[in-house]
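Have a look at the structure below before the remarks.
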Ligand SMILES: Nc1ncnc2c1ncn2[C@@H]1O[C@H](COP(=O)(O)OP(=O)(O)O)[C@@H](O)[C@H]1O
Ligand SMILES: O=P(O)(O)OC[C@H](O)CO
């Protein structure tokens with residue numbers, strides 16, 4: 001299915017093209033010098049669910065879609081490769097692929113970040129030492145979310161793969177590596193690289209040295225021969241070989257959430273953004289030193305521009321937000337479109353006493369509890385579907401509040417304002433609720449496609465299209481702002497009830513089931 005639109009041509013170029021290889025779709029956006037969208041093309045790919053908790057993507061389909069959307073965006077813009085100064089890459093993070101470097105064929109479907117098949121392996125790796133075994137080096141807890149354990153699972157479960165990997169015939173990559181390798185020629189000299197932001201999500205990179213960690217590699221059981229070279233987020237990795245952008249420099253790579261941080265121009269310490277899509281990811285720039293989290297957040301790389309020092313971030317990842325709205329639409333049939341949830345929820349004054357904690361695949365930040373499952377609590381005969389709709393929206397806002405609290409505890413920085421983006425930010429009630437629960441202003445920029453914009457900015461910096469980050473800041477314009485209206489007593493009372501509801505989710509899955 002192609003779901004694409006053009007938003008009108010700006011200026012005469014030159015331009016930067018950004019590829020966003022996301023969880024549900026791949027898209028390509030062409031930007032002009034003011035950071036405005038010139039053209040967009042987008043295509044969804046299949047979500048493969050072989051067993052409960054398993055989620056896979058066909059990487060060959062994804063690469064075909066990427067080529068199609070790049071061509072689509074360039075044709076819609078009415079330009080040629082000569083008008084494109086650089087290509088930037090951003091991608092769904094953690095999703096793990098192994099492929100044969102001689103044939104270019106994936107050895108298995110990609111294991112998607114949401115896939116929980118490595119829960120037992122992670123538990124085993126943490127036995128006696130705890131789930132924070134590699135946190136000091138990597139900034140991450142041992143969890144099925146991250147790439148390293150997924151690589152191990154593939155090496156253990158695909159017949160003969162470990163021997164081929166040890167012999168140097170197999171390449172590992174997250175989707176950035178897969179796209180860049182193919183874009184730069186594949187079996188005909190493709191470059192095998194990843195950037196520091198994507199590498200920081202593998203559980204395999206030492207966050208302080210920006211190098212693969214030999215000790216962790218041997219603890220998890222991954223041969224170094226499969227690994228890509230770790231590079232900065234903004235530099236020329238190679239040039240496109242073949243295709244509509246033949247010869248154009250491939251000049252940036254950032255995980256999609258870090259790209260959104262960059263696109264929102266959160267370049268100063270303490271600046272934060274939250275992206276509301278299928279899941280929600282809040283990142284705060286913490287400057288040049290990694291801040292350890294003692295409150296369930298991830299320490300991650302925000303970005304690194306060329307040979308400048310890396311900039312770190314704290315991240316709170318929420319697995320289920322927009323996907324809960326989809327669930328209300330597709331599984332429950334309570335609404336016909338995602339947008340309808342706002343109308344339904346606005347038809348009542350409050351949640352009627354109901355709280356919905358969507359721990360559908362356990363809880364991510366700040367709990368990291370694979371044994372949690374979803375609950376709706378506080379039910380009485382008074383509660384209607386409109387109250388549930390309200391509780392659905394409140395769930396996203398409360399989860400953000402919990403992460404914001406954890407960020408303040410870990411960083412010592414009080415959130416001055418939250419920059420938001422993503423599909424759910426078109427919901428005004430949700431945005432107002434968010435401002436109310438956070439007790440801080442919530443602001444949305446003119447260009448809501450911050451993920452692609454961030455990748456374009458990084459690529460543009462690498463080739464001198466933009467001189468520096470100050471030039472990028474000048475492009476950021478506010479489109480909407482919501483200020484808190486809730487009184488402190490109500491906020492405190494409601495927050496307490498929410499936290500009580502969260503407690504009810506824990507320990508639902510018994511050990512043997514997980
Ligand atoms: N008006 C709305 N209110 C609430 N949720 C919405 C609304 N519009 C879209 N969504 C949700 O936002 C998500 C899509 O946002 P998007 O940023 O495109 O996500 P992703 O990049 O993760 O695919 C979907 O999960 C959808 O349910
Ligand atoms: O592709 P998205 O927008 O769902 O983002 C996925 C995240 O990168 C997962 O960590």
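Cβ coordinates come from backbone N, Cα and C, glycine included.
Annotations in TrEMBL come from automatic prediction, not curation.
Residues or ranges marked as domain 'Carbohydrate kinase FGGY N-terminal' in TrEMBL: 16-263. In this model, the domain 'Carbohydrate kinase FGGY N-terminal' (16-263) carries an average pLDDT of 95.
Applying an 8 A CB threshold to same-chain residues 6+ apart, the list for residue 326 (ATP binding site) reads 278, 338. Secondary structure at residue 326 (ATP binding site), taken from DSSP and collapsed to helix, strand or coil, is helix. The ATP binding site feature in TrEMBL is assigned to 23, 24, 25, 278, 322, 326, 423.
In the three-state DSSP scheme, residue 94 (sn-glycerol 3-phosphate binding site) falls into the coil class. The Cβ of residue 94 (sn-glycerol 3-phosphate binding site) lies under 8 Å from the Cβ of 113, 145, 146, 147, 150, 174, 201, 202, each of which sits 6+ residues away along the same chain. The sn-glycerol 3-phosphate binding site annotation in TrEMBL covers 23, 93, 94, 145, 256.
Cβ contacts within 10 Å of residue 423 (ATP binding site), excluding its own Cβ and spanning all protein chains shown: 16. Annotated ADP binding site per TrEMBL: 23, 27, 278, 322, 423, 427, in sequence order.
Taken residue by residue with DSSP, residue 145 (sn-glycerol 3-phosphate binding site) is part of neither helix nor strand, so it is coil. Its own atom aside, the Cβ of residue 145 (sn-glycerol 3-phosphate binding site) has 28 Cβ atoms within 10 angstroms in the protein chains shown. Sequence annotations record features per position, and here TrEMBL assigns glycerol binding site to 93, 94, 145, 256, 257.
The annotation domain 'Carbohydrate kinase FGGY C-terminal' is assigned in TrEMBL to 273-462.
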Completion exercise
Close to ligand 1, in the sense of Cβ under 6 Å, among 145, 257, 278, 322, 427 as binding-site residues, are 278, 322, 427
Practice task
Using CB under 6 Å from any atom of ligand 2, narrow the binding-site residues 93, 278, 326 to the ones that qualify.
Solution key: 93, 278
Fill in the blank from the handout: Row residue 256 (sn-glycerol 3-phosphate binding site), column other C-beta within 10 angstroms, all chains, value 28
Completion exercise
Spatial hits near residue 93 (sn-glycerol 3-phosphate binding site) (Cα distance within 10 Å) out of the binding-site residues 23, 257, 423 come to 23, 257
Exercise for the section: Find, among the binding-site residues listed as 23, 24, 257, 427, the one whose Cβ has the highest number of other Cβ atoms within 10 Å in the structure shown. Expected result: 257
